[in-house]
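This report refers to the structure that appears directly beneath it.
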Amino acid sequence: MSAISGKDVIIPCQTEGYPPPSITWRKAQGSSVGNYQNLMVGSNLHQLPNSSLLLTSVTKEAQGKYLCEATNGIGAGLSKVIQVNVYAPPQFTADHENVSVGTGGSATLRCPVTGDQPMEVKWYKEGHTINGNYRYSLRESSVGIGGRRVSIGGDVSTDGALRVFQLVVSSVSREDRGEYSCSVKNAHGQAMRTLLLLVQEPPDLPRSLRVVEKSSRSLKLAWNPPMDGNSPITKYSLKYSKQDDGWYKQSSKKMDLSRGSNDNSVRDQDLMVGGSATEILVEGLIPAQQYLFTMFAHNAIGTSRPSEALQVSTKGEAPGGPPHSVKAIPLSSRSLEVHWAPPDSSLQHGEINAYMVGYKQAGFPSEEYEFEKIELSTSVLSSTELLITTSPASSAPPLCCTFIIKKLLPYTAYQVVVKAVNSEGIGPPSAVASATTKEDAPSAAPPGVKCSPMTAHSILVTWDDLPPSHARGKLLGYRVRYSPQNKVISKGETTSSVNVALRNLQPFTNYSIQITSFTLIGDGPYSDHIICTTEEDVPSAPGGLKAWTLGRDAIVVSWKPPPRPNGIITSYTIITITTAGFPKKSVVRGVILRHTVNLAHGGGNVQVKVSASTSVGEGPFSTPITVATTDTVPGRIISWGGIQAVHWKTDVILHCEMIGDPTPSRVWLRDGVPTTKNTDRRISSYPDGNLIVRDVKKDDSANYSCNAENIHGKDSITYVLQVQVPPDPPIVHATQSGSTSLTVSWKTGFNGGSPLLGLTISYKRKYGEWQEATVPPTLSSHQIQGLVCGNHYHLYVKAFNKVGEGRASESIHAQTAGGVPLLRDHAATVTSNTTWASINMVEWNDGGCPITHYTVAFKQVGTDSWILVSEREDGSLPVKLIGLRPSSSYIVRVTAHNSAGSIAQDYPFSTTALHGELSAPALVGNNVHLTDVRIILPILASSLAFLASIVTVCVCVKKKTPKPHKLPTASNNNDTKSSHGENIKQSEQLYGTIKKSPHQDYPTFDRIPEYSEDIYPYATFQLNNQQQNRSRHQPPSIYNNYQPIPYKEAYRQPGSKNNDPYGKVGVRGRHPTPCPRSIKSESEEYDTYGSDSETEQPVSSRTESSNQLDHDRPHLPHHRI
């Protein structure tokens, strides 16, 4: 029998006999036939219950003769020899290998394989069979056998156990890189091996060469490692020169050079670093000198192209003296106004172009100063933060500047210092000026709030002092707000101490208490609610009393609990006095509300009164009533009706306990209709007289009456069942919007039968997290503050009572005031000379939201690389560009950012020529001028050809003679109709064969018409002109992080105000979807732009197209050409 290497095989040996024979397995050893040895059961050798032999994961060693012997002690045993042959499919020693080779070299791809012969091999590249090619050759070798060449895809001989198939690729180029695979198969299986050919090249040029540290005599440069060309980078070399010199190298393998080196000693030296470095320190430079740097990368293959040149200037020397006459004046609770004078002119060491204002809290010696940089400009005399003033001529130095430090802590002492800055560095700090910010309202609630009952009518509340860090001013006192729990109406107390006694409270009542503190500016936040209960008191009299006769010698008394229990009722006292003057006192437990009194001395008229008791004592008696005893017992009800308020989704039991002789009949009515006629299974009555309403709903609110009657009399009680439910959702709309606030108004509906306890306003910024604000029920509007300017918000309102929270109102969408910055006229914005330009951004409009920062980049016309030169918060100061080329054209791009978005504007300008010459003509391409002959000749030739075409057309029209007009005949009409019908058929066939793929979505073009009547006499396919216009205003930039534009803004002009109804107040429902572009016939044009789901597939149904007209959606602007 046969087996495949690596698979399991079962060698059968079935025997019969009695007693059952025992089986022994042996295997032949070596080539001798009779040399068998017993087999030992192991991890890959098992004898099955049916005596068969299981070999697992067989190998070549398992091949051979197997002897099965059966004996049962009776007669001679039996034996059987089975020959097992093991065949091996192809198997590689490894499934994957990477091979590297340099360009122009020869690559050898190897596939070592084991398995039975013969084998067939095929080679593939990227899944495609390798056909004959003069650069490909296939070789095959085996252990102990020399290599030989064979044809690609041919059969291989059976020599050797390990075969090595080789694909040799000569003259390797970049196109040869990729994934190769060899597939080997024989009669028993197939295997495949993957090889990745990496073509090695010189490295790419280093990217983003930049300055990370700068001083007056040294520079530290950094760069991004380039692609290594599949060969490790071994080193980097730096080449640089002064701007007015030719290139020279600084040759030294040491990274740090001696500071004392002069310019002549380094002119002929190299500066190199290892291949793993990303920084290099260049020393021995000249202060305030402009240099050009270029970086090269090296590997074993060669040297890269030079990096983009970096132009940088070294620093000079920092100012040697500090500013003086520094003063700090409190301006508000969060700001200080700082005044100072510049350093002495002898210590300025150049023009002062900025100041560093540092501040920190006083009393913290180890705390570091936090500095803000204020740049100066001769063209800017004042701004919102920086004021430059000049004192009258005097011996005192003039004051320089005023700066407002913002975002400080209220009522906090600060220390302020000022440093001067010039183009060379930062000078020493000034003398310290001290000031304290103004007061503000407290920022936190008083801590440690506790309460304890004093009496049944008073509670003592205590708390800890508010820490000064949270008081934010001189603390004037505390306010205490309290009310019975779950009650809206609250009272207040004001005190200057840290405790207060609340008096005139109700006994045995839970009170909710909050504490706040206040300064001259206002109140701080209230503390969390704490609950405290007053002590018990004697109760009031029972709320009702009735008594009925049970015969001559007994009465039954029933009463209601006291309306003001003032504690836990422990007992009731019943006093009865007969006509004969015999009083009787009965005491029952506090949970019992009726009692039968036996009259030992006869009846007559009996006076009854009842009182209630708590642990404090007995309360007053109820008003006495008189009952006459009789021989008959009329039908009476001893239960009490009245108003019963319950929460929805609970079970309610209405009691109706009767007396009478004979036993009265009982009937329950719901609003006058017997409950026996009610088909609602939730309402049922029981033999004890109780009526049960299960899982009550709002509609179960009604009058439920119990009537009892016998031959001697009748009685009735009525329950007014009030089912309390969560309140209805309010009607909400946004009434006012500010830059950081929204005012929401609402009108509450049905309160659910229980007073409202408050409302919850839920709101979130688009793509933000939900936030909540809780307001008291007495308000009908609320201003949400702390929002982000110019952003869309979703919000809804829920009302809640003691039953729970009601359903949410309809979600509304509102937008805070403001928008993206507005574009401004670029006239007189950029000024330039030969090698310098200045961009002034003072007149930018913030669009209603404060501009957070500006980014400025520029490029030379004809190039693609933008150079980011500034990213600053202050737009009032100009941005300077230096080191420009004379007589060249440039584009400056200024992008203004605020919380609503960003807007960019390009400003073209040209530098002047040297020696007062005119600027160079405008460029139309890279180094191609309008005056270039390559531009003038094509323009001139095109103009002449156009004029010749016009003359030819005029001559032809003039010479053409009109043909006589023929009246149409019947035949002609028939021909015309026939031709017209044929044209219709052809056009229907033409457009009927156009199929629309259900897996494509064209957001900017209408679909191809489906029927001949859909063809319009004018071209109606749409182009996204708005997007093209946006591209002209805002070309892509490598330095600006543009925010993603939602689908609703795709047709918005740059800088336009957001007019999307989705952001307007009062828009309801789901996210809006744009309507069809125009209303046409039922074969409406189809457009999936702006659908609710970007993954929706287009639908060509006419019905769906026409149904879109019913949607209340905005029409997007469109153009037809």
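Cβ coordinates come from backbone N, Cα and C, glycine included.
Predicted automatically and left uncurated, TrEMBL annotations should be read as such.
If you look up TrEMBL, you'll see 1-85 (among others) marked as domain 'Ig-like'.
Under the heading domain 'Ig-like', TrEMBL lists 90-198 (among others).
Per TrEMBL, domain 'Fibronectin type-III' is recorded for 205-317 (among others). Confidence in the domain 'Fibronectin type-III' (205-317), given as mean pLDDT, stands at 76.
Under the heading domain 'Fibronectin type-III', TrEMBL lists 322-440 (among others).
Among the features that TrEMBL reports, domain 'Fibronectin type-III' is placed at 445-537 (among others).
Annotated domain 'Fibronectin type-III' per TrEMBL: 541-632 (among others), in sequence order.
Annotated domain 'Ig-like' per TrEMBL: 620-718 (among others), in sequence order. The domain 'Ig-like' (620-718): residue composition by secondary structure is 6 helix, 51 strand, 42 coil, according to DSSP.
Break the domain 'Fibronectin type-III' (726-819) down by DSSP state and the numbers are 0 helix, 48 strand, 46 coil. If you look up TrEMBL, you'll see 726-819 (among others) marked as domain 'Fibronectin type-III'.
The annotation domain 'Fibronectin type-III' is assigned in TrEMBL to 821-922 (among others).
The transmembrane segment annotation in TrEMBL covers 935-957.
The region 'Disordered' annotation in TrEMBL covers 962-983 (among others).
According to TrEMBL, the region 'Disordered' annotation covers 1049-1121 (among others).
Taken from TrEMBL, the feature compositional bias 'Polar residues' applies to 1090-1108.
Contact between the domain 'Fibronectin type-III' (445-537) and the domain 'Fibronectin type-III' (821-922) is absent: fewer than three CB pairs lie under 8 Å, with pairs separated by 6 or more positions in sequence.
Taking H, G and I as helix, E and B as strand and the rest as coil, DSSP gives the domain 'Ig-like' (1-85) the counts 3 helix, 39 strand, 43 coil. Under DSSP, residues within the domain 'Fibronectin type-III' (445-537) fall into helix, strand and coil as 4 helix, 42 strand, 47 coil. The DSSP breakdown of the domain 'Ig-like' (90-198), given as helix, strand and coil counts, is 3 helix, 68 strand, 38 coil.
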